[in-house]
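Only one structure is covered here, and it is reproduced in the block below.
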Amino acid sequence: MTNIRKSHPLLKIMNDAFIDLPAPSNISSWWNFGSLLGVCLIMQILTGLFLAMHYTSDTTTAFSSVAHICRDVNYGWIIRYLHANGASMFFICLYIHVGRGLYYGSYTFSETWNVGMVLLFTVMATAFMGYVLPWGQMSFWGATVITNLLSAIPYIGTTLVEWIWGGFSVDKATLTRFFAFHFILPFIITALVAVHLLFLHETGSNNPTGISSDMDKIPFHPYYTIKDILGALLLMLALLILVLFSPDLLGDPDNYTPANPLNTPPHIKPEWYFLFAYAILRSIPNKLGGVLALVLSILILAFIPALHTSKQRSMTFRPISQCLFWVLVADLLTLTWIGGQPVEPPFIMIGQVASILYFSLILILMPVAGIIENRILKW
């Protein structure tokens, strides 16, 4: 008799994805972050659902409702901080996941990579809208500044911004629609994750060597299920340490002041996970140029498969490319730091140099390194 998990129409799908899935025997801990992102997504949806039960999306009561959740709702404070810091964990895992894909050449699975890019944009949009909901000073001014960037689009820009705002400024209509979008997008993300996995399971996982592992596969369960559970426990440990010991470490003190359209904060800045893109935006003096650079800083990932010049897939055996990859990581950390600094010397110059280096590394230096490595190996 066939095992029910192999014959039942629904269980068969689960079985082929999480139990009997053939997986490479040598994938390292860098491959854990996909499952950790799944854990983050489930946790964000659950905590978000409980927050939505008590939150009101009205400009007069939004700030108070968040305070009410923290003060009066049973364990409301931990749900709120798990949700806020869970977003930070989500982005840490997301950036490591993308970095792993870059390092090991996983971008050659073009469908998986492209769906992943759509996912990245969607998660960023969701996080941005979520930051607006508490209706603090940084929520209001962040929403005003970032949505205003669309006015740089020629001809239709101003109309587009007012259409998004639902009026002539960020107000009640904006907050209500942002709440609606913030609620629906995670479910769209979940559907995209299913598509992402569907495409991944068509080809199978990559591995650190970058060569085919068809001759050496092991079942996903129990080997990688136990490995993923360990990763999830470590993630939850890190998150709980953050939430229970310093929940406001990654937040902005300005967001504890209710939104006031008549009072601009001294330094308007987004959450830490958007600072690298914000630094690129600010490093260009022209508004439209800045907006294009901002979009391209993420959209550039779409061009990476076309820029792959090496005969080898992974960077494991390519020391020049490895050096450039870690320079790129250091550059992104520098941009993140600059994004949080005021617009004054020497930060302006550092930001501009780091922005030029970011695009140069991806568009010029890494493809050239691939060609040089081919020549060295006489390939």
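Cβ coordinates come from backbone N, Cα and C, glycine included.
What Swiss-Prot records for this protein:
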type: BINDING; residues: His83, His182; note: heme b b562 binding site
type: BINDING; residues: His97, His196; note: heme b b566 binding site
type: BINDING; residues: His201; note: ubiquinone binding site
type: TRANSMEM; residues: 33-53; note: transmembrane segment
type: TRANSMEM; residues: 77-98; note: transmembrane segment
type: TRANSMEM; residues: 113-133; note: transmembrane segment
type: TRANSMEM; residues: 178-198; note: transmembrane segment
type: TRANSMEM; residues: 226-246; note: transmembrane segment
type: TRANSMEM; residues: 288-308; note: transmembrane segment
type: TRANSMEM; residues: 320-340; note: transmembrane segment
type: TRANSMEM; residues: 347-367; note: transmembrane segment
Q.
Using a Cβ cut-off under 8 Å and a sequence separation of 6 or more, which residues in the same chain sit near His83 (heme b b562 binding site)?
A. Gln44, Thr47, Gly48, Leu51
Q: Report the same-chain neighbours of His182 (heme b b562 binding site): residues 6+ apart in sequence with Cβ closer than 8 Å to its Cβ, ordered by sequence.
A: Gly48, Thr126, Met129, Gly130, Leu133
Q: With pairs restricted to those 6 or more apart in sequence, evaluate whether the transmembrane segment (226-246) and the transmembrane segment (77-98) have 3+ C-beta pairs under 8 Å.
A: yes
Q | Candidates 178-198, 320-340, 347-367; stretch with most C-beta pairs under 8 Å toward the transmembrane segment (33-53) | A | 178-198
Q. Among His196, His201, all listed as binding-site residues, which has the most CB atoms within 10 Å of its CB?
A. His196
(Q) Roughly how many Å lie between the Cα atoms of the residue listed as 'ubiquinone binding site' and His97 (heme b b566 binding site), rounded to a whole value? (A) 17
Q) By a simple count, how many Cβ atoms lie within 10 Å of the Cβ of His97 (heme b b566 binding site), its own Cβ left out? A) 20
